[in-house]
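Database features, via TrEMBL:
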BINDING   113, 156, 160  Fe cation binding site
ACT_SITE  157  active site
């Protein structure tokens, strides 16, 4: 399992590199990487375990964030209520956004990142809806539509695979200005 000491921090060159495509079938090393990425998210979302291991809670973790320049990320968007299934949970490999809405969305609180320790205020405009194509750990291809928060999370993680950090999207001159038709999410 990854701990906070394993998370690569802003300034490390791996976070600014284009990650390599992953080949199938997955090597044992890549299978373990996929398991460890998801385990971090599962443990970090349990308040007791998060505190026990000194983790920061996360909904996404990309391979470059643990120093591995490969196109793999885990996403775990929890259920909106405690009894439900996660909104989206998978390890996305070689993900591609094949289409997206014209309308943007942004989080009212801005975005954060396990690799960025400082607070970077501002709205991060993203596509409100996306169609995502990716492979899972078994090599099965998926094509799914996501909207709102899950779409934002996946775009954030996909950015990591292309050397982009969330604050690259923030308007430097007017960080809290977005187009009028942008959908804002809590």
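Keep in mind that glycine also has a Cβ here, set from the backbone N, Cα and C atoms.
Sequence-distant contacts of residue 113 (Fe cation binding site), defined as residues of its own chain at least six apart whose C-beta falls under 8 angstroms from its C-beta, comprise 10, 156, 165, 166. According to DSSP, residue 157 (active site) is assigned to a helical segment. In the three-state DSSP scheme, residue 113 (Fe cation binding site) is classed as strand.
Taking the Cβ of residue 157 (active site) as reference, residues of its chain lying under 8 Å away and at least six apart in sequence are, in sequence order, 60, 61, 62, 73, 75, 92, 95. Long-range Cβ proximity for residue 160 (Fe cation binding site), meaning a same-chain Cβ under 8 A and a gap of 6 or more residues, is found for 15, 19, 62, 64, 65, 73, 115.
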